[in-house]
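Residues or ranges marked as domain 'Myotubularin phosphatase' in TrEMBL: B:118-496. According to TrEMBL, the substrate binding site annotation covers B:N267, B:I268, B:C330, B:S331, B:D332, B:G333, B:W334, B:D335, B:R336. Residues or ranges marked as active site, phosphocysteine intermediate in TrEMBL: B:C330. Under the heading region 'Disordered', TrEMBL lists B:539-651. Per TrEMBL, the feature compositional bias 'Polar residues' maps to B:558-588.
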Amino acid sequence: LLRSSQPLTGPNRRRCREDEKLLGTILDEGERGFVLDTRSAQAAKQARMSGGGTEPKSSYPQWRRLHRALDRGRPLQESFIRLVEACAEPSPSMDRWLSRLESSRWLGHVKAALSTACLAAQCLDREGSSVLVHGAEGTDTTLLVTALAQLILDPSCRTLEGFQGLLEREWIEAGHPFQLRCARSASSHARGKQEAPLFLLFLDCVWQLSRQFPFSLEFGEQLLLTLFDNAYASPYGTFLCNNEKERSLCKVKESTHSLWAWLNQPEEKQKFLNPLYSHNPLVIWPSVEPQSIQLWQGLFLRWIRPSQHLDEAWAEMQRLVEGN
Amino acid sequence: VENVRLLDRLSSRRAVVGTLYLTATHVIFVENGSETRKETWVLHSQISSIEKQATTATGCPLLIRCKNFQVIQLVIPQERDCHDIYISLIRLARPVKYEELYCFSFNPKLDKEEREQGWKLVDLNEEYNRMGVPNNYWQISDVNRDYGVCDSYPTEVYVPKSATAHIIVGSSKFRSRRRFPALSYYCKGNNASICRSSQPLSGFSARCLEDEQMLQAIRKANPGSDFIYVVDTRPKLNAMANRAAGKGYENEDNYSNIKFQFIGIENIHVMRNSLQKMLEVCELKSPSMSDFLWGLENSGWLKHIKAIIDAGIFIAKAVAEEGVSVLVHCSDGWDRTAQVCSVASLLLDPYYRTMKGFMVLIEKDWVSFGHKFNHRYGNLDGDPKEISPVIDQFIECVWQLMEQFPCAFEFNERFLIHIQHHIYSCQFGNFLCNSQKERRELQIKERTYSLWAHLWKNRADYLNPLYRSDHSQTQGTLHPQIASCNFLYKFWSGMYNRFEKGLHPRQSVTDYLMAVKEETQQLEEELEVLQERLANLQKSQSGDNKVKSKQQDQSKQTGLYTSNNSLANTPQEYSNDLKSFPSRSPSQGDEEDSALILTQDNLKSSDPDLSANSDQESGVEDLSCRSPSGGGCLPSEDSGKDSDEAVFLAG
């Protein structure tokens, strides 16, 4: 599984021998690979006008291109805002609630993200083919897909430790611009294109996986909520800045504490573990039918619905498992 | 018929070829596969509709829709065969006589005494006594002993002490179908009660002294309050329209000390259409999220579910918080009234949240009070306009509450699903006919078996591991303060997509936790035994080694309750671009579809889909004989092993 940003083909269909050679080294003679472009075919084509583009078949003969349009940027932010507003408003009727849920399109984004990640995973697991994922900049939907695909495929990413490693690799070090994306959350109505809840979308997808595979993730919902909180506002330096370069310039590692260090302390760790966890060596294929994708109540209704009864249920579950 | 193909709704690639059989009671499809020969059994009584679709190159498609939401798509090679099957199924699925129904031929191989015992499991007299009646305020009346007053009511009803036979009879003449006000639930703590009836025949201005006296009697039976609520569960417009037909609702001016309230639950026709629309959404091929949500909203289904629960909450609050009695009715007092009274009782009294209590609740508010099972669920071929998912809605209300209060119910989702299944299956006699009178005439108790006994025998499968009788959630009244929140209502895919295994988590958390709970209990018991032994041995100074090795064996047996990870699952179709992909990876072994997990060895013995076959029923009884937790006998080492195997392979 590889990731990158878009090739700078441009309107004149430039070529780059080194890039072609690099991709060439990945595949053996006669092998096929897939390029999974997270933009629609049309958007990718239009990108050429501003200097970007896609890998032309002629220059990359062994690679077959698949397009799966995933929303990011402004549309995703709007979706998020609409959902939060729908949850906050005490809806007078069920019809109105369902209609607002539908028009926010958030669950549609969850479905699309999971489907695309599953597609990437299928290429790897079923076809035995390599996959290169990219969108435009390679910092948003690209990371969403590669991180989810690894969770689906690799059981070691589903342990608490492995998941932290996955986040470090695929989100933090890979350069997802947290500073820009996670500034204001759902309160940001700013025109700027920078605010967007990609990371939240990722966490939501992980939550969907945990619901469909309750035994297969070593961590529980509490971890996902904590990560969500810390991405936006944190006493720790883990999610600061936009990339490794900035973190190095700001001397983040020297002047702040790491979220992981805190999380991994034995007393804290307990809260984040899933009492039902048992190592599942197999690939976990989620269902992406609409009935299988649910609203992440624990996050979106967190401050709205009283969670007492659900907390009690969780505590009872822990008690049962620990008692054993 | 041979060479029939059974299609999978989600994945058109997964068609299986096999042979189709039609028996007197079932449709059976047997796969041609070599080892497994998986069988799909469908009871005729479950069949809701059969659709013959246009013949294609591959054959003639036949779509069978079931009342338990199973949808079976067959492709039959020859048109003539298809037509024959279609005609036969139409006839078989629409019996005209009760004797044609499965319950009269079903034979679980129990003797006569066991059959009788089964029927005695739920005793309504005991239940009323448990509630605290008869007492100073309430008495049992036998005025209907020959069904002479109301033929859809039971022979024994509870009425206020001051309601004489004359008042009862007079009131019954002023009520639709003569369903006079009678007691549904009595609250010992404050004497408030829930009574139920049908609509008064008040028209625009008619009055009836006895009916007014009846309501006064209900009020007087609760000295703590000087008025009662009269709750009409219909929308105001419908109730008003009824007045033109000489029926209607209670006028506050005529009935002293009542506070009248409309609740606005729609009628059976609206509900039938609502379900129909929702099922259409479920049948969409690869719907988008928007298609699904829009379809769900358009059906209005969740709105109706919420309306029923809201009504239950209003009544529960009136009784528990205000200490005011409530009289509930709709039009005929056998649909919405039943729903709303039973939801209210469930909220009020934790007993109804136990397994036994729930059975009692259904027996009381649905069976004894004359809910028209035959008409509503089509035991026999009848008027399609009478068909409506009334009890299905009630069952869903319970599920929605279970989701909000996971520790409050002694039973689990599977219990609800199996009950719903058997409402339609006619395998047992509990839900036949339209009234107690009809059931007695048919001698149901002497000729059929009771579902309650069957469920009770398999109760280990139906327990909720998170339930504890001493838990705060299980005490007293349930307060869904949040019930006004629309966003808490979920689509019940466990029921409406029950047979689409690909949609559900492969491993059941409930089963896992039950297994853990049982194991812990058994280990605790064994620990006690061993501790005793140790104490004894220490007294006699010998055989330490023996004890140690026993304990070691014990510890080896623990930790076997890990979820079975060999249940690999297969990816659904995520993309049309990858047509070349086989749907199963050879490395993961063939046929890991979890439907196949339901083989003889590890199916839940209570699963009606497979236990519908009476032969299997008897074979399977052995599996259900594991010692329930906390059993009286001391477990030997062997029995410890048996319970380990007992299965934690649920699908």
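Placed from the backbone N, Cα and C atoms, the Cβ positions cover glycine too.
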Task: Max CA-CA distance, Å, over listed substrate-binding residues B:N267, B:I268, B:C330, B:S331, B:D332, B:G333, B:W334, B:D335, B:R336 - done: 12
Open item on the list: Using a 10 Å radius around its CB, how many other CB atoms surround B:D332 (substrate binding site)?
Closed with: 19
Task: DSSP three-state assignment (helix, strand or coil) for B:R336 (substrate binding site) - done: helix
Open item on the list: On average, what pLDDT score does this prediction assign to the domain 'Myotubularin phosphatase' (B:118-496)?
Closed with: 94
Task: Three-state secondary structure, B:N267 (substrate binding site) (per DSSP) - done: coil
Open item on the list: Quick check: with B:N267, B:I268, B:C330, B:S331, B:D332, B:G333, B:W334, B:D335, B:R336 left out, which same-chain residues have Cβ atoms within 8 Å of the centroid of the substrate site Cβ atoms?
Closed with: B:S198, B:T233, B:R234, B:T337
TODO: Could you tally the C-beta atoms, other than its own, that fall within 10 angstroms of the C-beta of B:W334 (substrate binding site)?
DONE: 26
Open item on the list: Please list, in sequence order, the residues in the chain of B:C330 (substrate binding site) that are at least six apart in sequence and whose C-beta is under 8 Å away from its C-beta.
Closed with: B:S198, B:Q199, B:D232, B:T233, B:R234, B:I265, B:R336, B:T337
TODO: Tell me, if you would, which residue among B:N267, B:R336 (binding-site residues) has the fewest other CB atoms within 10 Å in the structure shown?
DONE: B:N267
